[in-house]
Amino acid sequence: MPMLVADRRRATCADVPTPPRRTPERTGPTLEHLLPSLDASTLVLLLLAALAAGWVDAVVGGGGLVQLPVLLLTPGVSPVQALATNKLAGAMGTAVSALTYYRRVQPSLRTALPMAGVAALGAGLGALSATAVPPGVLQPVVLVALVVVGVYTAVRPALGETTRLRFSGHRHLLAAAGTGAVIGWYDGIAGPGTGAFLVFTLVGLLGYGFLEASATAKIVNLATNLGALLVFALHGSVLWWLGASMGVANLVGGYLGARTAVRGGSRLVRVVFLVVVAVLVARLGWDVLSG
C-alpha cells in the first residue's frame, strides 16, 4: 500500500508541466548598435576616409563630404545610423583640431562661445528632424547657396586676408548667433557643407580672416556635433565602436590639418575652401540631377 501511494505521488508530479525558464530581456545596446559586421577591407576604407575627413575638416570644414558617403555605402548601416556615427567620429576630430587652433591662433571666445551654444541647440533640433525631413529635400537650396558662396569668394581675392569686423557689440553677437542657429540646424539634419558655411559666414558676414574664421568654426562645429550626437544617442542610433574607431583616425587627421592650416595661413585656407566648395557643388549637383 505505501508503494502504491508513492507511485501515485510520482505520477502526479510528473504530470505537472515545468514552467519554461524566462530569459531576462536585454535592455542595453545590442552588438549591432556597437559595431556592425564588417570585413577588414571595409573597416580600413572607413578609417582612411575618417583620416582624410579629419584633415579637410580641420583646414576649412567639409569632412563630411568624405566620411558620410562611405558610411552610407557600408553594408548594414542605415542612413540615420550613418549620420549619427559620423557625428561621433567628427566630434572627436573636431575637438582635437579646435584645441590645436585655440593654442596657436587664439580665436575670439566672445564670438565663438555664444555662437556655439545657439548652434548646438539648432543641431539638436535638426537631429530630431532627421527622420521626418529627408536630407534630399534641402539639396537644391544648399546647392544654390554653395554656388553663391563659391562665386562670391572667387571674385573677391582680398576677402578674408585679414580680420576687419563689420559689426560691433550686440549687433555682432546677434549676427553670429542667428547664423549659428540656422547652420547648426542644417548640420543636425544633413551635415555636409556645414564647415564651409560657417567659415563663409565668419568671413563674408562678420569680417574675420580665413584662418581665424576656421579656428572659430571648429569651436562652433564641435558644439553642433555634440548637440546632434546627444539626440542621436538618446534614440539609440549611434554605432559606438565603429564611431570611436573612426574618431581616432579623424582626430589624427584633425591634428595634422590644424597644424597645416596654421602654417599655411589664410591663403591656404582660402584655396582649400574653394576646392571643398567646388567638390560639394559637383556632388550635390549630381545628386539633384540623378535623383
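Placed from the backbone N, Cα and C atoms, the Cβ positions cover glycine too.
Unlike curated entries, TrEMBL annotations are predicted automatically.
Feature annotation from TrEMBL assigns region 'Disordered' to 1-28. Under the heading compositional bias 'Basic and acidic residues', TrEMBL lists 1-12. Positions annotated as transmembrane segment by TrEMBL: 43-68, 80-101, 113-131, 137-155, 167-186, 192-211, 218-234, 268-286.
The stretches the transmembrane segment (167-186) and the transmembrane segment (43-68) are not in mutual contact, being linked by fewer than three Cβ pairs under 8 Å (pairs 6 or more apart in sequence). Taking residue pairs at least 6 apart in sequence, the transmembrane segment (80-101) and the transmembrane segment (268-286) share fewer than three C-beta contacts under 8 angstroms. Counted over residue pairs separated by six or more positions, the transmembrane segment (80-101) shares at least 3 Cβ pairs under 8 angstroms with the transmembrane segment (218-234), which defines the two as touching. When Cβ-Cβ distances below 8 Å are used as the criterion, the transmembrane segment (218-234) is approached by residues 57-58, 61, 80, 83-84, 87-88, 90-91, 94-95, 97-98, 101-102, 107, 109, 112-113, 115-117, 119-124, 126-128, 130, 180, 183-184, 187-188, 194-195, 198, 258 of the same chain, each at least six residues removed from its ends.
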